[in-house]
Amino acid sequence: MATAKENKDDVEPDMVYTKELRAATKDVHKLSDVLVNAKFAFALSDDTVWADGLLSFYEIYKFLENNLTEELLPKELHRVKEFEKDFDYFVGENWRDTYEIRPAVKKYLEHLEEVNKKSKILLFAYAYQMYMALMSGGQLLQKKRMMARKLWPDKQENIQEQIDSEKPSNPDDLTTRPMPLQVPICPDGCAATYFPEKISDLKAKLRTILNKHYVNFDEQTKADFIEESRNVFIYNSDVVRSVKGVNRANIRKLAIVVLFFVSIYFAIKLARR
């Protein structure tokens, strides 16, 4: 008779290689997170900034979906049609008429072309990080954005408690990391980050694919895979820097905050007269 632990191991993919890869990319991952948080501090609720952020990464997801088989990138993870649905909403159905690939994305695509010629499994290094990002940080960013736009179905104080509870006590221990609260609804403009399937199941599929191949890597292939996994964050950071409208949105939001506190200051001053 199988024990509870044996049954759990049958369902959940082994975390050994996932943890090894995470440790190897930890420094560049952190730098990328700092850049995103600094750049989008006040701009997440701005539709123009959000749309341009999606648009900046659209070609990357499109390339991965066009060049990886379902064995390496399951169809239920594909996002291109969802990205395009969001663009139709934010920009209009004629968005392709004025759309141009920005220089940072062209550079990224050129590198992906080179990687694709070398090895599909090295290209999978990009898919693994990019789709995990949508199912982790993407969920958190969308939740915060939906809260700011009053679209979240739960009470504001409840969702903030849930967001706070998702912060891991030990970021390096993947076995104890809480799952990000999955975005449960898909209002207009939210398709890119909405997954109808359980995100925990989708992540498990990606980890299973990673483990299946990683265990058979020789030392050179492992080194190459880790290098490309690190490159994901380096190229992503360049693309994030290209997102338009962030400074304008941040300044506007900051001005509103300053005006709010100035108003309070004068209200208190008048009340004391």
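For all residues, glycine too, the Cβ spot is worked out from N, Cα and C.
Unlike curated entries, TrEMBL annotations are predicted automatically.
Noted in TrEMBL for the protein shown:
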- R22, H29, Y128, R207: heme b binding site (BINDING)
- 251-268: transmembrane segment (TRANSMEM)
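Sequence features, as recorded in TrEMBL, placed on the structure.
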residue	record	Cβ neighbours (10 Å)
R22	heme b binding site	17
H29	heme b binding site	19
Y128	heme b binding site	24
R207	heme b binding site	21
Max CA-CA distance, Å, over listed heme b-binding residues R22, H29, Y128, R207: 18
